[in-house]
Structure formats: structure tokens, C-alpha cells
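Q: Sharing a structure with you now.
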Amino acid sequence: MKSDSSEWLSVTLLLLLQSSASVSGMKSDSSEWLSVTLLLLLQSSASVSEVLQLVGPAAPVVVSPGEDAVLPCYLSPRESAEDLEIRWFREISRPPVCLFQNSRYNSDRQDPAYKGRVELFSNELSRGNVSLTLRNITRSDHGQYRCMVLSGLWDDDADIYLFVRAVSVSLHSLGGDQAQLLCRSEGWFPQPAVIWTDRDGNEVTSQPPTVDTDSQGLLSVSSYIPVKQESNIFSCLVRSTQPEADWESQLHIPRDYFPAPSGWMVALFLTAAVTVAASVLLVIQWRRMDRITDDLERVTDFPIYQRELR
């Protein structure tokens, strides 16, 4: 990719070359030498800008918090970068994540959040490897990075996206004694499986997860399960279909999370319970008395009973 600076330099050299040719109608040794020099510089600038380029990865770099990440970036063809200026940054307006000038690190202009955490592959610079190692990844490191390499005649840049993958479990109240757990994880491909388990290891997954795709083509998965009014420990396991480690997060739900019934609610419940119980007893007693009355009426209707009464 030809940069604006190399194009500007090429135009400048071309104008100087034309100017030197028209300074005088007389051909002199000095003007010939200047023309040849400018022509060589022009050809060199065009050659460098058309052939040399900076190459980054085709896919995002995915890591988890606490790990180290390598952001790949290299020159193509493999020219030495030892004498070039190398800049790694997240936003143009912020200090660089890493700045390598005059064959050494410039920490005075470095973003304080990355001091002591970044490093180039010093023994690989001679082969055009300008990749960056970022140590002890945190969630705040998530996002886009830009690698830029500059020389006197050329500059180029490449973008690298760092995806910090994590599993989060959160509790959502639906009001009263109803609640649900949400398990969410980002940065997957292909789609992973989501498995819920309780404190005893029993699977309690209730329904398939919902899946969203971001601008990088990576998947975000979300899964819900209902929570009963009792203390428990739930684990959300996100398992890749590829041969890699599982990702798990746990959440403990204390019994006192759910609202306890107030005094008047307890009194109302007890009153209702007593009323229902008394009503049931009255109904049973009434049916018993009604059954006894029916039995007596049937007995008095028998002929033998009527003769005895006479």
C-alpha cells in the first residue's frame, strides 16, 4: 500500500528533476549529476513503496484475562526493521503502546498503562518481524491496535484486533421471588456449547443459548436459567467444539437474596390458612350430620320399625 508521504516525496523529486533540466539550456556536468541523482531517488522511492508492505493477521487475536498475547505484524518481503521506527498504538490521539526509535525503546512517550508490559522480538527485527508481545492481559486491553513502521522514504501500517474472551455470570431479578441467571461470553468461533450445573454437578441447562455475530465475525453467546428460592451455587461452562480449554464461571446465590415475607403477609397467610382449615372442618361436619339424618329417615321408613311404633 503506497502511503501519502511516499507519493508526496515522489512528486517532489519529479518536480526537482524537471526543474534541474530546465534551469539552463546549456548542459553542464553539475546539472547532469543532479538529474541522475534525483532520478535514482525517484525510482528508489517508487520501488520501495510499491514492493515493501506491512502485513498483519487475517483474523483477530483471541486470549483470556491474565494471559500473554502476541500481536503479529511483519514486513513483506522480509527486510530488516532494526533501523526503522516502529510504533504500536490504539488511537492516534493517545500515547503509543510501544515506540521504537533509533534502535531503542522510547518509554518517555509511552502510554503509562503499557509500561513494563510490552516488548518487540528484538532478535527477529533483522528479519522484518515487528510483532508485539503484550503481557498480563486485562479486559481493558480489548480492542483494535495499529502497527506502523516508518523510514525516510516509506511508511505503512496494519490493524490488529485483540479480543479478550471471558465468561460472566450475573443474577437478574424479575420481581418478587422470581430471578434468572445470565451467562454471557464473547469472541467465539465456531459456536460453543453452554452447560449449566448446580452445586452437586447436576446439569440444569434449560434452553439453547442465543447467538450474536459482531463486526469481526466472532460469536457472542448468552444463556439464561430460572433460579428457585433457595441457596445454591451455579456454574456456567462454555465449551468449544475445537480442542481447547473450557471456560467456566460460578455464582453463589444466598438464601437471603430473595425477599422475606413481611409481618402482615405472614399474619394474612396464617389467617387464611386457619379460615380454610375451619371451613373444611365445618363442611366435613355438616356432611356427616347430613348423612346421619338420611340414615335415620331411611330407618323410620322400614315396615318393621313402623309396626313396633304401633
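Keep in mind that glycine also has a Cβ here, set from the backbone N, Cα and C atoms.
Keep in mind that TrEMBL annotations are predicted by a computer and have not been checked by a curator.
So TrEMBL lists the following for this protein:
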SIGNAL    1-25  signal peptide
DOMAIN    49-149  domain 'Ig-like'
DOMAIN    176-252  domain 'Ig-like'
TRANSMEM  264-284  transmembrane segment
Q: Under DSSP, the domain 'Ig-like' (49-149) has how many residues in helix, strand and coil?
A: 15 helix, 37 strand, 49 coil
Q: Within the domain 'Ig-like' (176-252), how many residues are helix, strand or coil going by DSSP?
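A: Looking at the domain 'Ig-like' (176-252) with DSSP, the answer is 0 helix, 44 strand, 33 coil.
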